[in-house]
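As written in TrEMBL, here are the features:
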| type | residues | note |
| --- | --- | --- |
| DOMAIN | 10-37 | domain 'C2H2-type' |
| DOMAIN | 38-65 | domain 'C2H2-type' |
| DOMAIN | 66-93 | domain 'C2H2-type' |
| DOMAIN | 94-121 | domain 'C2H2-type' |
| DOMAIN | 122-149 | domain 'C2H2-type' |
| DOMAIN | 150-177 | domain 'C2H2-type' |
| DOMAIN | 178-205 | domain 'C2H2-type' |
| DOMAIN | 206-233 | domain 'C2H2-type' |
| DOMAIN | 234-261 | domain 'C2H2-type' |
| DOMAIN | 262-287 | domain 'C2H2-type' |
Amino acid sequence: MSTDIRKSSYHCDICGKPFTDTRNLIRHKRTHTGEKPFHCDVCGKSFSGGSDLTTHKRVHTGEKPYCCDICGKSFSRSGDLTIHKRFHTGERPYHCDICGRAFSDGSALTNHKRIHTGEKPFHCDICGKSFARNHILTIHKRVHTGERPYACDICGKAFSGGSALTTHKRIHTGEKPYHCDICGRLFSDTSYLRRHKRSHTGEKPYSCDICGKSFSGSSDLKTHKRIHTGEKPYRCDICGKSFSLRCHLTRHKRIHTGEKPFHCDICGKSFTQSGHLTTHISIHSKV
């Protein structure tokens, strides 16, 4: 049997896609049927493929078997390691055919192109809000459920998303692995670096479709649009008051808890807000 014939031996009878073996065909057909026969015995989450379950269980075990030979950082998935190493090499093989912007992985390109198309195919079944990326929907739904499955093993603070935990832990370690090639400034997260570089370029790629105002960061646009919509998705579980920004909720809850995390290292006085501490310190500087 020739290689070409062998390559097309197995076809999906629903969409016609060809496969080289029956195992891949069986797994593919689950995308049509929705079947997820592999279940996590820790949290109950289900998956269409055994390898997906194996990868998922590393969320619970913390196992990261794929290690970068350049910086030593470890990953739970080999694909994440491949993408990560492109930060060191600078390789960006995926290009947007609309604006020419290049990306280190294909999924980032797919997500980026939705900026141009406006496509938001992932919908929250609780509030109806739509998102361009599925994992952002997953994280968003935790606003409704209150779930924060990612906990810092240093201070115990919990987060709704794994990337938020990774970024947070750099507060403890001081790690800032991403540097600006224009001014040399260091950052703990790639999103901070991308946003910072726009201060050099003046780029503001995120535009409000209601008033036309442009922003350098997508989070700034998201926050701005709440002025138009009146949305206040962050609710105090003590008194029920709602806020448009999570940081405003965090600050508000200190009224209930009495927490004053900002301390003056001159006189020891504590404050609920960093701005109040800054104002207070200026009193010492005038003395």
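The backbone N, Cα and C atoms fix where each Cβ goes, glycine too.
Note: TrEMBL annotation is automatic and uncurated.
Per-residue confidence over the domain 'C2H2-type' (66-93) averages 91 (mean pLDDT, predicted model). Across the domain 'C2H2-type' (94-121), DSSP helix (H, G, I), strand (E, B) and coil residues number 12 helix, 4 strand, 12 coil.
Counting residues of the domain 'C2H2-type' (178-205) by DSSP class, helix then strand then coil, yields 12 helix, 4 strand, 12 coil. With a threshold of 8 Å between CB atoms, the same-chain residues lying at least 6 positions outside the domain 'C2H2-type' (262-287) that come near it are 251, 254-255. According to DSSP, the domain 'C2H2-type' (262-287) comprises 13 helix, 4 strand, 9 coil.
Listed as Cβ neighbours of the domain 'C2H2-type' (206-233) (distance under 8 Å, sequence separation of 6 or more from its ends, same chain) are residues 115, 118, 143, 191, 195, 198-199, 242-245. Within its own chain, the domain 'C2H2-type' (38-65) has Cβ neighbours under 8 Å at 27, 30-31, 74-77, 149, 162, counting only residues six or more beyond its boundaries.
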